[in-house]
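See structure below.
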Amino acid sequence: MPRMALLDDIGCPDDVRKLTTKQAEDLAEEIRAFLIDKVSRTGGHLGPNLGVVELTIALHRVFDSPHDPIIFDTGHQSYVHKILTGRANGFEKLRQRGGLSGYPSRAESVHDWVENSHASASLSWAEGMAKGFLSQGEDRTVVAVIGDGALTGGMAWEALNSIADQQGLRLVIVVNDNGRSYTPTVGGLANQLAIIRTDPHYEEALDRMKRHVTDKPLGKQVFGLMHAAKAGVKDALIGNGIFSDLGIKYLGPVDGHDVLSVERALELAKRYGHPVIVHVMTTKGKGFAAAEANEEDHFHAVGRIDPVTGASLKASGGASWTQAFAGAMVELGERRPDIVGVTAAMLHPVGLAPFAARHPDRVLDVGIAEQHAVTSAAGMAAAGLHPVVALYSTFLNRAFDQLLMDAGLHHAGVTIVLDRAGITGTDGASHNGMWDMAMCGIVPGLMLSAPRDRQHLVSVLNEAVDIDDRPTVIRYSKDPIPDDIRIVTSHDGLDVLCDGPEDGILLVAHGQLCAEALAAVDQLDSPVRVVSPRWSLPVCGGLIEEAARARAVVSVEDGLVVSGLGSHLADALSQRGMWRPIRSLGIPQRYLDHDSRSAIMAELGLDSRGIADAVSQLVAQLDGEYS
């Protein structure tokens, strides 16, 4: 792309602070053009970052990063921050191996303090840092940028409740309101009241008045009425009561696309010396007509797109698991009036939108509140409904206690459907859905299935909604759904997919890796028996019988090896006094860097070549031991 007069000279936040206000405004336009050009080629979170350009510029002009930590909640709004901290050149390989992460990354820059990309955690991080700096006498301000739905998460409000009781913390909370959570309010009087309320002289005067008035008869009541009247006037003007009632000072609303206005608000907040909320109004997808016009999500996350029209350039990869689930839910909804859908701020991504269109009164979107989603679903089950909770696999982590103690302990007939299970790839460590089976495996009575194709998915979903005495979990991957796989025979909950010798190598696979396992067989010199359980947890009798007859077992899964399918099978055999050599192929117990799903799977030996190699190595080892 052509040289950008301002952006090309930005190497660090000091360069941003040297700009005039007019230059800062011009820089914002250059950054938008840069983002549209780069992200349209690589994919990524485009809409959220287009909405925070001026805000991020203002943050770096007012605060001294990294001395003053800037923490981005969920992290997907950090692209502009990366650009202003010297990483613009890395956008050529955004979310690719060796390139920039799509989220803050401590390995990339000292300006990135927190890299967890799950929502609603920034305020807890910020409070902890601010307390640490205060206790050590350090003159540093911590900034947390939260919004884009993250304030619907309970953890954020737990933090706000704690922060409200921590006066003296140099903590600025920027609420990035992109119009999807609050009603915008503007007005000169409201702005003046905000300035007055954060003026230290005003606070001193208020304290003096309180001491003077409350010494008199009825003084406390009079002061309370005066303070309530003042608060009521401001709340009526700008609707900040939800924050001020907590005891946290509030500034705003501020036009988030006016650099000077945002700077002035941030300067006031910085000078105040106590926790302050700065309410900034922004437009998601700002400056890209196609994004602003997209009512569904304003191009929240895109693949490769046309940088002018916004049209997707991604080649069709066939039907997705999400689409298959969506269709199955619509069919279930027509037959079963007790079926309800539950989601955590992801109605469209998880495939519940078609069901909601048919049955709007039978869908509950709880916001970014997975804990609440699972327990609310348990309550629905207790009342006679059968809820289907659809989440991304990685977000089930946040609701484990509710799964264990609310759904599990109460034998609740709740079905949890986990999209994006296994390796997701480009979004990095925090978004891989590799933890779910290990967690689910310790919930007594829970049943889990990893369907291998559409017919298997539809079948187990129909079975799951008929189970009313325990939670059920269905997990599937981000990849396109494979063609239906032929079943040779079935017995005791186990499907035989390739009929090799029963006393030879038993290759056990589930989910998306069944197709890879069958492809691996074609690369082997000797026959192998391939089986797949209809329900992976608990281990079915058919799998135990097959493993007991086999010479050795190789298990293949796109979840953690620890507490995975192979380890559960080994434990089931051990409980029966049996033992067989078992080689478990899966994801190691470590965090994985961002890359394409296919590249990571190949690196871990979970593609057909890697599976074939593992089988060959096991056979060679056995032949060597017993020759």
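All positions are counted from 1 along the displayed chain.
Cβ coordinates are placed from backbone N, Cα and C, and glycine is handled just like the others.
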Among H67, H76, H411, indicate the single residue that Swiss-Prot lists for the thiamine diphosphate site containing S117, H118, A119, G149, A150, N178, F288, E370. H76
One should report the C-alpha separation between H76 (thiamine diphosphate binding site) and D148 (Mg(2+) binding site), rounded to whole angstrom, as 10
Should one count Cβ atoms within 10 Å of each candidate's Cβ, the binding-site residues H76, H118 would be headed by H76
Annotated thiamine diphosphate contacts H76, S117, H118, A119, G149, A150, N178, F288, E370, maximal Cα-Cα distance (Å, integer): 32
On a C-alpha basis, identify the one among H118, N178, E370 that is nearest to D148 (Mg(2+) binding site); the candidates are the binding-site residues. N178
DSSP three-state call for G149 (thiamine diphosphate binding site): helix, strand or coil? coil
Cβ neighbours of G149 (thiamine diphosphate binding site) where a neighbour is any other Cβ within 10 Å: 21
For N178 (thiamine diphosphate binding site), which of the three DSSP-derived states applies: helix, strand, or coil? coil
